[in-house]
Amino acid sequence: MGHTGRRPNTDLVRVLGVSFGLAASVGGMVGQGILRTPGIVAGAVPDPTIIVLLWLGIGLFCLLDACGTVEIATAVPCAGGPYAFVDRAFGRTAAATIGWADTINAMVAIGFLAVVSAEYLQRLGLMAGQPTGRLAAIVVATFTAVNWTGTRICGASVSVGSFAKRVGLIVLIGLLFGSAAQASPAPVISPGLSIVAFAVAARAVKNTYDGWNLATYFCEEVQAPERNLPRSVFGSILLVTALYTIVNVALLHALTPVQIAASNLPAADAMQARLGGRADLLVSMLAALSVLAITNLYLMSGSRVTFAMARCGVLPAPLTQVSMTGTPRVALLALATPGALLAWSGNYAALVAYSVALLILINSAVSLAALRLRRTEPDLPRPFRTPLYPLPILASLAINAALMAAMIYEDAPHSLSGITIVLAIGCAYWVAGAAQRRRAAARPV
């Protein structure tokens, strides 16, 4: 029989609904951070009122930050999230820079989350005899297999994981309010709030909200993206803001800020009197569920970035191949393999510190892309238009710039190194592209 010459499939399948979009953005935000970050925040800001307002305020800031992203995602509903949006507004070199930033961040996040997942599983007594790195690599391999099966099955797994995390947080809130109130709710007397302390607290809270934009990575797979993406992104931010704020109110009901600051897992300490040793078990189970689910989600979303970059020629063409069930399998392996190696080797700690600043860089680039497209393509259909444009986008850019400045002030080596690495990749891509264009121009017609 002769060779049919059939080209490999390179089209994603549009089978995901609004419930998946909500699950992706909620799942992207809710990880172990809400269980550990309250201690960091209370250590920097010991005033209960400021603590609650900070969690509420950063959530409202995320709504501002999301305006530009949702506007451009509904106008340019392409796979890959920030990469695709920046490509449309600024061209291939800027897009390659942001795409590599996002890909590096995803690889590091997968390695880090897999190790944390392994640690919690071993804390629960599962595979305690295995080296943590090996178990972490098994976690990555397991969720790679889930993603391999197809978009429907993987999307369902993301939805189930996100729903379970929401239920877990609601149960946690109920148990915290059911715990005995703090014995001496005396007002906190502090010498004052320094800018550095506030920056530390704000950065910690901001990191806990990161991931609200993950639904936009699936623009070509979500049905009716012009309608469902705004519902998914804004709905998830409002829901998580409410959950995070209530969790902190519940913690402050049970513990003083000093007690919260002294604990690695404040929720477990708050429930200790009521549940005894089971408190640590319950919180460990919720933490394990959270990080396992978000590892699965990062594999799914990150593979869409490598797929989109390959489709534009930034990465090799084989990464554009899509299975009949909708999974870009080669792109998935290209992301999962280094993630698993990072998890196995344990050489991810410094990279995590480098990648923190990348998220602000990525979100700011998308906001700038939304502003630019308003000017260069004013007639582009925009199913969602930013209210009071351009004020929300300008406000988000200003706040992101302030957070970046505070981050650099607090940890200049890691923050600047992460940005420098990505900018160097962008410069190298620009130089290579310029050389290729010169060679093409020099060829005889």
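Heads up, the Cβ atoms here are built off N, Cα and C, so glycines get one too.
Over in TrEMBL, the protein carries these features:
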{"type": "TRANSMEM", "residues": "12-30", "note": "transmembrane segment"}
{"type": "TRANSMEM", "residues": "50-73", "note": "transmembrane segment"}
{"type": "TRANSMEM", "residues": "94-115", "note": "transmembrane segment"}
{"type": "TRANSMEM", "residues": "135-155", "note": "transmembrane segment"}
{"type": "TRANSMEM", "residues": "167-184", "note": "transmembrane segment"}
{"type": "TRANSMEM", "residues": "233-255", "note": "transmembrane segment"}
{"type": "TRANSMEM", "residues": "281-299", "note": "transmembrane segment"}
{"type": "TRANSMEM", "residues": "348-371", "note": "transmembrane segment"}
{"type": "TRANSMEM", "residues": "391-409", "note": "transmembrane segment"}
{"type": "TRANSMEM", "residues": "415-435", "note": "transmembrane segment"}
Revision key, fill the gap. Counting only residues at least 6 beyond its ends, the same-chain positions whose CB falls under 8 A of a CB in the transmembrane segment (281-299) are 24, 27-28, 30-32, 35, 106, 109-110, 113-114, 116-117, 120-121, 123-124, 139-140, 143-144, 146-147, 154, 157-158, 161-162, 164-165, 168-169, 172, 175, 211, 214, 265, 267-268, 271, 275, 332, 335-336, 339
Point to revise | In contact by Cβ distance (the transmembrane segment (415-435), the transmembrane segment (94-115); 3 or more pairs under 8 Å) | key: yes
Review point. If you count Cβ pairs under 8 Å, which stretch among 12-30, 50-73, 233-255, 391-409, 415-435 touches the transmembrane segment (135-155) the most?
Key: 12-30
Check your understanding: Do at least three C-beta pairs under 8 angstroms join the transmembrane segment (50-73) to the transmembrane segment (233-255), pairs 6 or more apart in sequence?
Key -> yes
